[in-house]
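Colleague: Below is one structure. I have some questions about it.
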């Protein structure tokens, strides 16, 4: 059996906790070689002690013998008192440290010291809290943030959603739900899988099993775009429901409506239907290992397939019928064809006009009359006059 090793470490942000006293912990999403994803929490002092021990284990690679041989990244020492400002400003450096660490030679990046430090601990899944103390404040790091501390978000209140039915997890990276459970959403993925936390549990949950507390969530979704965005099918899928499409890998389609549950409405020629977004890739985009791994997972369930779903809202989500999608799509395609024909006809008229102008015989210049002898004698020089006479 292959030894466990870390594929990727993503810094999500940090938490400000108030029990047993106020302190800060960084949130990491650790992705392992078995495709599992674990959320862990570490204080910076712990990370720095880990870093010092790693340098002692590999003195050559840490530059202790010759600085030119150093490949282990630098990490600033913790301050005497780590407040929120230092915790926040350190995030860019820490994210880069983790990225470099995982990409070091295997003898370092896959050693037991690294693997054991980033393994899930009991207090990661069951943090020590006190119900009388206020809830931890979460500060998330934007995905596109680098080292600019101004990009770091302020304290945010994670969105709370409610489970509309029981959900049994099918992998270790997922989280089981009971109808009525209230979860905080940490990350909303376009794939339709959302990363959530519930008390001491964390994991991926199908968005179809969740509903916001303040009403249907269609306001979060984009409007249909009948012009369509071109995507390439990266994984084949056979339709199960009547309103889904069967496509094979390599097919080119157009996405006309991106929905939160990860089932997008796509157009193939003049046919429309649902297709799992996690099996699509935008035309022109490069494929990544993370996208490839995501496609190995199963598509999230459709909301229409959930049994015993119970919503707390009187009015459900408004859904557009496939007939409406098809009608509006055909109308758009027809108008696009008409515009193309109109443009082509206009271009043909211009070409024909230019051709007629080119083929039209050009007017010849008039030949001036021959001057008379008297006029020549009158206008010529004295020398010419003597030669003529």
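Backbone N, Cα and C atoms are what each Cβ position is placed from, and that goes for glycine too.
From TrEMBL, here are the annotated features:
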- 352-361: compositional bias 'Basic and acidic residues' (COMPBIAS)
- 4-125: domain 'PX' (DOMAIN)
- 156-215: domain 'SH3' (DOMAIN)
- 226-285: domain 'SH3' (DOMAIN)
- 349-389: region 'Disordered' (REGION)
Colleague: Let's see if you can do this one: DSSP helix, strand and coil counts over the compositional bias 'Basic and acidic residues' (352-361), in that order.
Modeller: 8 helix, 0 strand, 2 coil
Colleague: So, by DSSP, how many helix, strand and coil residues make up the domain 'SH3' (156-215)?
Modeller: 3 helix, 31 strand, 26 coil
Colleague: Please list the DSSP helix, strand and coil residue counts for the domain 'PX' (4-125).
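Modeller: Across the domain 'PX' (4-125), DSSP assigns the residues as follows: 49 helix, 28 strand, 45 coil.
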Colleague: Across the domain 'SH3' (156-215), what is the average pLDDT of the model, as a whole number?
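Modeller: Taking every residue of the domain 'SH3' (156-215) together, the mean pLDDT is 86.
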